[in-house]
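Visitor: Starting off with a structure, shown below.
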Amino acid sequence: MDSQVRQNYHRDCEAAVNRMINMELFASYSYTSMAFYFSRDDVALPGFAHFFKENSDEEREHADKLLTFQNSRGGRIFLQDIKKPERDEWGSGLDALQSSLQLEKNVNQALLDLHKIASDHTDPHMCDFLETHYLNEQVESIKKLGDFITNLSRMDAVKNKMAEYLFDKHTMGGKN
């Protein structure tokens, strides 16, 4: 049955929103993997665990917003399989942050592509929705991750585990 509320909502936009929902859920799934890796007894970096758990929750909220948007525009939700994260072992905090940065850049590019599709189909509602709820937040997340990576690299945290521990405790808010 067709939606009664659908107006100026192109099928390409609808399909792209469904793909974006999947990408946000994949990001949440990846961050969940990172969070529980860092809370293992042999890794024990609670600040990193907390940071990645918060990121997982945030990505899930992004997916929920897109699901709500899809319904409000009269689109249909077609969930897809969520891909497994690229790995199960995340290495050091620096390694995980570098993976996180790449993930956020991929999400950002997908959002920019989604915005272009909306713009090409003259959908000001979708453009406004993406600009209001996603685009600036992505840039801020990428900047924050870049700053964390710079500081951990500056402290030579790969070789200096005390630096990683202190970064976890003081920057990431880890508590024993």
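Quick reminder: no glycine exception, Cβ is built from N, Cα and C everywhere.
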Visitor: Among Glu59, Glu61, Glu164, indicate the single residue that Swiss-Prot lists for the Fe cation 2 site containing Glu104, Gln138.
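Guide: For Fe cation 2, Swiss-Prot names Glu104, Gln138; of Glu59, Glu61, Glu164, the listed one is Glu59.
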Visitor: Name the one residue among Glu24, Glu86, Glu89 that Swiss-Prot lists for the same Fe cation 1 site as Glu59, His62.
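Guide: So, going by the record in Swiss-Prot, that would be Glu24.
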Visitor: Could you tell me how many residues in the domain 'Ferritin-like diiron' (7-156) are helical, how many are strand and how many are coil under DSSP?
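Guide: In the domain 'Ferritin-like diiron' (7-156), the DSSP-based counts are 114 helix, 0 strand, 36 coil.
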Visitor: Could you pull the average pLDDT for the domain 'Ferritin-like diiron' (7-156)?
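Guide: Per the prediction, mean pLDDT sits at 98 for the domain 'Ferritin-like diiron' (7-156).
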Visitor: When you measure from the Cβ of His62 (Fe cation 1 binding site), how many other Cβ atoms are you left with inside 10 Å?
Guide: 23
